[in-house]
Amino acid sequence: MMPPAAAAAETKPLLYTEFPALHDDEVVVPQDGTIVTSYLGLMSTMAGACILTLPSTMQMTPVLPSSFLLVAMAGLAYAGCVCICIACDGSGATSFESLAKRLRHPIQLWIVRGLVMLLLFGAVVMYVVIATDMLQPFLPFLSRFVIGGLFAGICLPLCLPDTVAALKYTNSVVVCCVLYIVVVLVFQAVSQENAWPSEPVSPVTFRGVAYTMPIQALSYCMHLNIPQVYSELPHKPSMSIVFALLFGSGVALYLTAALAADSPTINGVRLALGVCMLCKTPITYQPLREVMEDMAGGLFPKMAFRLAATSVFLVASWILAVTANDLSYVMDWVGATAGVLLSFAFPGLFLWEMLDQDYHQQAYSTSQIRWYKVLAGFMVVTGVSLSAVSVARMIWFY
């Protein structure tokens, strides 16, 4: 008979090792995730409004360089996901917030929390703006204020479930809407006389590349949900299949969408995009909810606090979305800083911090530690560099 401790160890990932107790009252995550629910959750987080932004990257940068950058950004996003999964294996973390709590200095934790709250609050505000703009032509008898209020009211119960797997139906709607949008774009593109550009729309310039890179990088932004999705999978090696499906379909969809020229026929996707924004909000909100609940420190009953905090968050997003005149410049800064750093730099930092524990290095070979640290350092430098390029473009060319 196998001892209980040995039996428990058999269920853990190969590289799992215990960190010191953090006393953060983490609950055991239900492992009811599957390859399908994991793919739907991450795909619904990743895809969305960027579908309609990608054609502009082909106008700023020629087709081949822009396509190469799109594939390169997919590779960088995959590397960031690998960093997070290794860090979760080694630390036992089950969320982005719990990964951040394992950083060496408290100031690092609060920087991550600030960036997460800034990025996700801004994202949900933009979802409300986009959904309101897209759905208003179909609801002419309702004002923008009322449509935004309905958006918040419908999202409230959807933002309360604990797991990503519980959102499989709303995530399925998001993926179906994205596929519909891409089908419309493909039809619009192939129906043109010159569907494939015969010559570069513009030369390769720093301004064009600096414009293209952050948009493409943020098109793969789903790293905040990786720890929870990974922790819900009972068979951890299945994550490699999820990543293959995710990035394979993501690159194909984005290349197809980017090659479609802007046209009034794209207005046919308004309804699909509005519904997509509505169903994306719950999965986007989960990492932010984790931060707020952790900061509350268990001072209030869990569901009562969750309901109150979620209500305040959605009402604030609704009011800001329908009253602000122009949020595009502010959101450009949020994406160039918080979005890029959380997707690329901080995954590398999480991995580096996890490996840089003297007692922890016994779980890895010298070769593993060396290559993992190379990967971690590369991601930190890449994330900071991408953010710097994006900020430079906004300062010089906005």
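Numbers here mean position along the shown chain, with the first residue as 1.
Every residue, even glycine, has its Cβ placed from backbone N, Cα and C.
The feature domain 'Amino acid transporter transmembrane' is assigned by TrEMBL to 33-253.
A Cβ distance under 8 Å defines the sequence-distant neighbours of the transmembrane segment (68-88), meaning residues of its chain 6+ beyond its ends; these are 15, 57, 61, 94, 99, 209, 212-213, 216-217, 219-221, 223, 226-227, 230-231, 236, 239, 243, 247, 250-251, 254-255, 258, 343-344, 347-348, 350-351, 353-354, 372, 375-376, 378-379, 382-383. Taken from TrEMBL, the feature transmembrane segment covers 68-88 (among others).
The transmembrane segment feature in TrEMBL is assigned to 109-130 (among others).
Feature annotation from TrEMBL assigns transmembrane segment to 142-160 (among others).
What TrEMBL lists as transmembrane segment is 172-190 (among others).
What TrEMBL records for 241-261 (among others) is transmembrane segment. Nonlocal intrachain contacts for the transmembrane segment (241-261), taken as residues 6+ away from its ends with a CB within less than 8 angstroms of a stretch CB, comprise 35, 38-39, 42-43, 46-47, 50-52, 54-55, 57-58, 63, 66-67, 70-71, 74, 77-78, 81, 178-179, 181-182, 185-186, 188-189, 192, 195-196, 216, 219-220, 229, 233.
When Cβ-Cβ distances below 8 Å are used as the criterion, the transmembrane segment (303-321) is approached by residues 121, 124-126, 128-129, 132, 148-149, 151-152, 155-156, 159-160, 285, 288-289, 292-293, 296, 327 of the same chain, each at least six residues removed from its ends. What TrEMBL lists as transmembrane segment is 303-321 (among others).
Residues annotated as transmembrane segment in TrEMBL: 333-353 (among others).
Look at TrEMBL and you will find 374-396 (among others) tagged as transmembrane segment.
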Per the Cβ under 8 Å criterion, with at least 6 residues separating them from its ends, the transmembrane segment (374-396) contacts 76, 79-80, 82-83, 206-207, 209-211, 213-214, 217, 332-333, 335-337, 340-341, 343-349, 351-352, 355
By Cβ distance under 8 Å, which residues at least 6 away from the ends of the transmembrane segment (142-160) in the same chain are close to it?
127-128, 131-132, 135-136, 167, 170, 278-279, 281-282, 285-286, 289, 303, 306-307, 310-311, 314-315, 317-318, 321-322
